[in-house]
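Chemist: The structure that follows is given in the form of structure tokens.
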Protein chains: 4
Amino acid sequence: MSYNSFGHMFRMTTFGESHGPALGCVVDGCPPNIPLTESDIQHFLDRRKPGQSRFTTQRREPDTVRILSGVFEDADTGGPVTTGTPIALMIENVDQRSKDYGDIKDKFRPGHADFTYWAKYGVRDYRGGGRSSARETAARVAAGAVARKVVPGMAVRGALVQIGPHKVDRERWDWAEVERNPFFCPDAETAALWADYLDGIRKAGSSVGAVIEVTASGVPAGLGAPVYAKLDQEIASALMSINAVKGVEIGAGFASAELTGEENADEMRMIDGHPEFLSNKAGGILGGISSGQEIVARFVVKPTSSILSPRRTVDKAGQETDIVTKGRHDPCVGIRAVPVGEAMLALVLADHYLLHRGQMGG
Amino acid sequence: MSYNSFGHMFRMTTFGESHGPALGCVVDGCPPNIPLTESDIQHFLDRRKPGQSRFTTQRREPDTVRILSGVFEDADTGGPVTTGTPIALMIENVDQRSKDYGDIKDKFRPGHADFTYWAKYGVRDYRGGGRSSARETAARVAAGAVARKVVPGMAVRGALVQIGPHKVDRERWDWAEVERNPFFCPDAETAALWADYLDGIRKAGSSVGAVIEVTASGVPAGLGAPVYAKLDQEIASALMSINAVKGVEIGAGFASAELTGEENADEMRMIDGHPEFLSNKAGGILGGISSGQEIVARFVVKPTSSILSPRRTVDKAGQETDIVTKGRHDPCVGIRAVPVGEAMLALVLADHYLLHRGQMGG
Amino acid sequence: MSYNSFGHMFRMTTFGESHGPALGCVVDGCPPNIPLTESDIQHFLDRRKPGQSRFTTQRREPDTVRILSGVFEDADTGGPVTTGTPIALMIENVDQRSKDYGDIKDKFRPGHADFTYWAKYGVRDYRGGGRSSARETAARVAAGAVARKVVPGMAVRGALVQIGPHKVDRERWDWAEVERNPFFCPDAETAALWADYLDGIRKAGSSVGAVIEVTASGVPAGLGAPVYAKLDQEIASALMSINAVKGVEIGAGFASAELTGEENADEMRMIDGHPEFLSNKAGGILGGISSGQEIVARFVVKPTSSILSPRRTVDKAGQETDIVTKGRHDPCVGIRAVPVGEAMLALVLADHYLLHRGQMGG
Amino acid sequence: MSYNSFGHMFRMTTFGESHGPALGCVVDGCPPNIPLTESDIQHFLDRRKPGQSRFTTQRREPDTVRILSGVFEDADTGGPVTTGTPIALMIENVDQRSKDYGDIKDKFRPGHADFTYWAKYGVRDYRGGGRSSARETAARVAAGAVARKVVPGMAVRGALVQIGPHKVDRERWDWAEVERNPFFCPDAETAALWADYLDGIRKAGSSVGAVIEVTASGVPAGLGAPVYAKLDQEIASALMSINAVKGVEIGAGFASAELTGEENADEMRMIDGHPEFLSNKAGGILGGISSGQEIVARFVVKPTSSILSPRRTVDKAGQETDIVTKGRHDPCVGIRAVPVGEAMLALVLADHYLLHRGQMGG
């Protein structure tokens with residue numbers, strides 16, 4: 001109901017526009033006594049930060065986070081821990097370039113939210129996309145950094161697995177490689193190929209789509225809530241809420257349309273005295289509930305709508321016109337969606353960890 | 001938070017197990033003064049009803065709906081109208097075959113929710129899948145029939161667009177054909193091909209996946225609520241909540257990964273004095289808000305997990321074993337997901353129509 | 001947001017009108033493996049049932065409850081236990097007397113919801129008050145019977161403490177007496193006085209207000225959630241949602257206006273090695289969180305609006321008129337509010353027990 | 001579910017501790033195109049501000065509000081208007097006196113939330129009460145200032161009607177007087193009496209309780225949502241969420257226990273062609289829905305728990321001890337609760353105005 005909140009028991013409410021004074025979030029429902037410093041959060045914000053390579057927007061935002069509430073000194077260690085009260089996180093906007101927005105002030109950029117915000121609200125902050133800007137995702141990454149600390153033993157990771165027509169080679173997948181290239185690519189060879197390919201896109205003033213894969217290991221079996229808070233439903237909701245995402249799939253996903261029941265069944269055997277699955281077509285979720293296997297989800301990000309080629313459009317006055325979107329933009333906005341996708345997955349799992357504990361105890 | 005409710009302002013809460021005395025739902029938040037009879041609802045339940053062709057389960061459930069509350073005689077016409085109070089709908093289970101469930105009582109069927117329900121709750125109604133059965137979707141279709149009446153001029157339709165490797169030919173798309181074959185297929189030639197293909201699957205005791213497309217026309221621009229109740233997010237959540245769904249996409253969906261910004265942009269022109277889009281890669285949603293174009297979403301349903309080939313599994317006692325799932329099952333459970341997908345789309349749109357009206361007036 | 005639901009994690013959704021086919025509720029979020037039979041619930045419904053003395057309405061409703069879902073045989077005992085899925089409870093209406101409602105069909109009865117329902121919805125089920133009837137509270141009592149089983153060791157009790165000007169004598173308080181008279185009065189002498197007094201009211205066709213006190217012992221410290229789900233806030237919300245209630249207070253309540261800080265402070269001492277309070281002005285709640293003391297709340301029920309003296313009113317057509325409310329009514333509707341108040345208190349505490357367990361573990 | 005949020009469609013989430021860097025709130029769901037400046041909000045914050053007379057705490061907080069998001073220039077006027085996106089409001093704490101909190105760090109002050117926060121969370125920010133401090137209500141007043149602008153024609157007012165044993169004389173009620181004395185007292189004679197009385201309390205280092213009345217005129221008929229979002233229920237929840245409140249009543253409230261049905265009935269007549277009530281025992285709400293009459297609610301605030309007389313208590317280590325609460329405190333915390341009560345009433349009504357418009361249109 002609250003449009004700018006996400007989650008049930010572990011709940012984030014975000015605020016802020018691209019060119020306003022600040023953006024941030026309130027994280028509510030976090031358990032107490034979890035060590036938390038600004039640098040814990042800053043680490044993840046830095047991964048999402050713009051301007052770190054020639055493949056992302058050149059806007060220079062330090063994205064420095066400030067904790068306004070919800071932490072206090074631990075009685076024993078004296079170090080900062082969560083108190084169970086709301087954690088407000090603020091990031092001030094710094095590099096709002098004082099440019100002339102005259103061109104986009106009254107024109108609707110194709111593929112952007114310009115037309116629909118105007119149709120809905122009759123007013124919009126057109127500077128940098130206002131509230132529809134992907135800058136809002138900085139708040140998600142900050143909240144996600146807190147969420148990662150809630151489920152003991154859980155590790156959430158993400159990688160870019162496709163840019164345009166070029167997919168990673170899963171045989172060469174190496175998680176360590178993800179941190180070594182500007183694409184969060186788990187495969188060095190593909191990363192090199194993407195660099196060439198994206199240079200072409202970038203120089204042409206064009207853009208291209210991408211697919212991201214996010215995973216979570218160490219998730220206990222039993223999380224998720226049939227029927228209308230299924231874990232895969234919640235993950236789909238979380239990932240589809242990210243700017244420019246047009247599709248989400250879990251496990252085998254859309255490929256399962258072509259599988260038979262025999263191929264799709266994840267058979268089970270006892271391994272080391274525990275029931276284990278022999279494959280993971282389900283992506284770690286059966287009947288909306290985690291199975292204890294790795295959670296695997298993918299989402300597609302459409303090409304950045306801001307491109308240099310003129311596109312036909314109309315303006316608020318109902319005049320036909322053309323538009324070219326100048327300014328600083330990502331040639332493949334999917335790249336920076338990797339840490340955002342990780343954050344959203346962590347948020348869902350933290351939330352359902354608490355929900356499960358509530359109904360079940362333990 | 002409530003696991004068995006869906007929606008915010010127009011809200012459905014479902015209950016019931018596959019072999020319990022009854023299933024149903026409470027529809028809350030419906031506007032008053034909407035004409036509503038049991039036959040309005042029954043029409044849609046009949047489309048989802050099992051046993052209507054050799055391609056769906058042979059369980060014979062009349063799925064007769066009874067309205068328990070929330071309608072009363074209109075002061076003028078005397079006919080039944082909604083009163084604004086909760087509409088309780090009940091469907092009694094009739095054909096719960098008194099079979100021996102011994103085999104599945106203690107074994108976890110691969111691909112089913114057996115293991116995860118047990119891991120979560122420590123108890124489960126194993127008869128016909130209990131609460132995890134797709135019988136629950138009858139309640140959704142009933143609620144969806146009410147939802148269809150909420151948005152003036154809106155039409156929600158669905159079609160099966162892929163079974164196994166076989167996709168419909170979009171050049172031959174004919175909505176009228178959807179009601180003429182047992183597959184909700186919009187293309188007679190493909191329907192014939194599917195019949196042959198599925199007969200083979202069925203006779204082999206196997207199953208196969210499918211893709212469904214659902215659309216809504218007549219949806220006003222402005223519905224949807226950034227940032228965490230984006231219309232596409234809500235649709236993804238709604239469709240992913242359907243049993244066996246593993247992926248959801250909007251508009252160009254996963255194909256947009258391979259598009260450039262130029263290809264993906266839906267340009268605009270003034271047509272008959274109104275701003276109109278020249279294409280619909282966005283699936284009718286920009287920035288999480290409806291654009292006035294047709295809403296287009298697709299979802300994939302995995303192959304039915306109940307198959308005749310023995311699969312390796314374990315039981316509650318931790319013993320390795322094999323299992324064959326007998327009983328009456330759908331060779332392609334995706335077929336009957338078509339009216340369910342329609343219902344879920346209608347529910348999302350009814351909900352957001354009311355939410356929009358609340359924040360904006362009008 | 002959902003108008004007919006109450007609770008967050010342990011959540012009840014009710015439906016039904018006074019003269020419709022049935023009323024009931026769906027209880028969602030109940031932990032699994034709690035033994036539950038229809039007779040567990042019937043016990044509490046029987047306490048609320050009308051027609052049990054000359055001091056309550058003579059409508060004869062057996063209020064027989066039927067469990068439609070959410071329980072299944074325990075693997076070990078074979079007895080019915082909750083499964084963690086929604087528990088649907090249905091009570092069929094039996095004694096809807098086929099009378100002529102002509103008089104109240106178009107007139108607004110003073111003190112009733114007739115005018116406001118009509119102003120809001122433009123349509124209303126006028127038979128017996130429709131949805132605004134206190135018959136809806138049967139569903140609450142049924143759900144409350146489930147709630148009582150959620151918090152280990154918790155006991156919820158209620159008593160009528162005032163009818164008209166006559167208050168119970170707290171020196172003579174005896175909980176056992178509550179079950180021995182038709183008023184849920186904890187003091188036999190006052191019960192006798194009330195019988196005389198109410199006979200007078202009843203014979204005059206008049207009615208009178210009352211005050212109910214509900215308490216819960218065995219509530220662990222720590223329940224409640226600052227800032228906007230304070231335990232006292234939730235109790236106030238729960239009790240004020242009961243028909244005809246016009247005020248709620250916790251602990252010393254309104255009397256605390258006249259106390260000094262010294263008088264109001266509940267001092268603490270160590271007793272048997274545990275911190276204990278020496279008084280309970282706070283009613284068991286400090287800062288919105290339970291202290292481990294007994295929870296004590298009171299609420300006032302206004303006099304039944306249906307009386308035999310003619311009252312001035314208007315009708316739907318805007319004509320001035322008089323109205324006399326015949327039919328079967330309670331001379332003091334506060335009496336039957338006792339089990340309803342208990343149920344609501346149990347619902348709040350079950351909900352917050354689960355919420356607390358979710359955020360805190362344990 | 002979210003502990004620090006209030007409201008459904010018009011929703012406020014607050015954050016911050018008494019001695020942290022800042023406190024504030026995010027207001028979500030506000031309609032767009034409402035003129036809003038910081039001074040609109042500051043006006044109401046100034047009424048709640050501490051240190052304005054000798055009868056409130058001497059802490060000197062300017063309570064200067066800063067709007068961080070959610071407003072933008074109107075296309076026509078250029079003036080700031082709401083945009084429909086979340087409005088973040090921040091108030092920096094200034095006068096957190098660097099005192100020694102050693103005494104209360106480990107001891108539980110009777111009547112405070114010290115013990116229960118510790119029992120719940122195992123950690124607490126003891127400085128000035130941390131999150132349990134009434135400083136949080138500054139955020140409510142800020143959000144309430146926005147809420148006041150949502151319902152056209154609505155006016156929300158409040159007054160202190162009782163301090164200790166001394167009630168205002170309703171015959172002398174003058175709303176203009178409320179702004180002329182430091183008590184929000186509508187009666188100059190009583191204000192003078194209270195000044196003397198409170199000077200005695202203050203000099204004795206004691207404190208006393210109070211009763212506040214809040215009203216809203218210009219509220220359209222039809223607001224409120226049976227059965228579990230009744231308007232009086234929501235008001236009770238809102239007012240009971242304020243620090244130190246122990247009781248709430250609507251209209252005749254607890255006095256209705258002693259009334260007969262005849263006395264309590266608000267009769268109706270046609271006046272100027274409209275149905276009107278001849279009295280307002282109901283406080284403007286029937287069946288949980290507004291009647292169009294003035295909404296009238298009262299709440300009681302217990303005496304400030306911080307007093308100079310030593311009280312017996314225990315500490316975290318389980319040692320018995322005494323405590324004297326020094327520092328700057330309100331002798332009657334009820335005084336500053338007046339603007340807070342107004343804010344909460346405005347928030348409820350704004351929320352239900354939007355909810356009603358959503359379900360009903362218009």
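Cβ atoms are placed via backbone N, Cα and C, with glycine included.
Pasting the feature list from TrEMBL:
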type: BINDING; residues: D:ARG48, D:ARG54; note: NADP(+) binding site
type: BINDING; residues: D:ARG131, D:SER132, D:SER133, D:ASN243, D:ALA244, D:GLY287, D:LYS302, D:PRO303, D:THR304, D:SER305, D:SER306, D:ARG328; note: FMN binding site
Chemist: Please give me the CB contact count at 10 A for D:LYS302 (FMN binding site), counting all chains in the structure.
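Modeler: For D:LYS302 (FMN binding site), the count of other Cβ atoms within 10 Å is 30.
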Chemist: For the binding-site residues D:ARG48, D:ARG54, D:ARG131, which one has the sparsest Cβ surroundings, going by other Cβ atoms within 10 Å?
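Modeler: Relative to the other binding-site residues in D:ARG48, D:ARG54, D:ARG131, D:ARG54 has the fewest Cβ atoms within 10 Å.
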Chemist: How many neighbouring Cβ atoms, not counting its own, are there within 10 Å of the Cβ of D:ALA244 (FMN binding site)?
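Modeler: A count of 23.
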Chemist: Spatially, and counting Cα to Cα, which of the binding-site residues is closest to D:ARG48 (NADP(+) binding site)? Options: D:ARG131, D:SER133, D:LYS302, D:THR304, D:SER306.
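Modeler: Answer for the nearest of the binding-site residues: D:SER133.
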Chemist: Write down the Cα-Cα distance for D:ARG54 (NADP(+) binding site) and D:THR304 (FMN binding site), rounded and given in Å.
Modeler: 15
Chemist: Distance between D:SER133 (FMN binding site) and D:ARG54 (NADP(+) binding site) at the Cα atoms, whole Å?
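Modeler: On Cα coordinates alone, these residues lie 20 Å apart.
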Chemist: Helix, strand or coil at D:SER306 (FMN binding site), per DSSP?
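Modeler: Once the DSSP labels are grouped into three classes, D:SER306 (FMN binding site) ends up as coil.
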Chemist: Near chain A by Cβ (under 8 Å): which of the binding-site residues D:ARG48, D:ARG54, D:ARG131, D:LYS302, D:THR304?
Modeler: D:ARG131
Chemist: Which of the binding-site residues D:ARG48, D:ALA244, D:THR304 have a Cβ less than 8 Å from any Cβ in chain C?
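Modeler: Answer, by Cβ distance to chain C: D:THR304.
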Chemist: Please work out the number of neighbouring Cβ atoms within 10 Å of the Cβ of D:THR304 (FMN binding site), leaving out its own Cβ.
Modeler: 26
Chemist: Starting from each candidate's C-beta and looking 10 angstroms out, tell me which of the binding-site residues D:SER133, D:SER306 has the most other C-beta atoms.
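Modeler: Of the binding-site residues D:SER133, D:SER306, the highest Cβ count within 10 Å belongs to D:SER306.
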Chemist: Could you round the CA separation between D:LYS302 (FMN binding site) and D:ARG54 (NADP(+) binding site) to a whole angstrom and send it over?
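Modeler: Roughly 19 Å, rounded to the nearest whole number.
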Chemist: Once the DSSP letters are reduced so that anything not helix or strand counts as coil, what is D:ARG54 (NADP(+) binding site)?
Modeler: coil
Chemist: Could you state the CA-to-CA distance between D:ARG131 (FMN binding site) and D:ARG54 (NADP(+) binding site) to the nearest Å?
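Modeler: Between the alpha carbons of D:ARG131 (FMN binding site) and D:ARG54 (NADP(+) binding site) there are 25 Å.
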Chemist: Could you give the Cα-Cα distance between D:SER306 (FMN binding site) and D:ARG54 (NADP(+) binding site), in whole Å?
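Modeler: A Cα-Cα distance of 16 Å.
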Chemist: Using C-alpha atoms only, work out the spacing between D:ALA244 (FMN binding site) and D:ARG54 (NADP(+) binding site) and round it to an integer in Å.
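Modeler: Between the Cα atoms of D:ALA244 (FMN binding site) and D:ARG54 (NADP(+) binding site), the distance comes to 21 Å.
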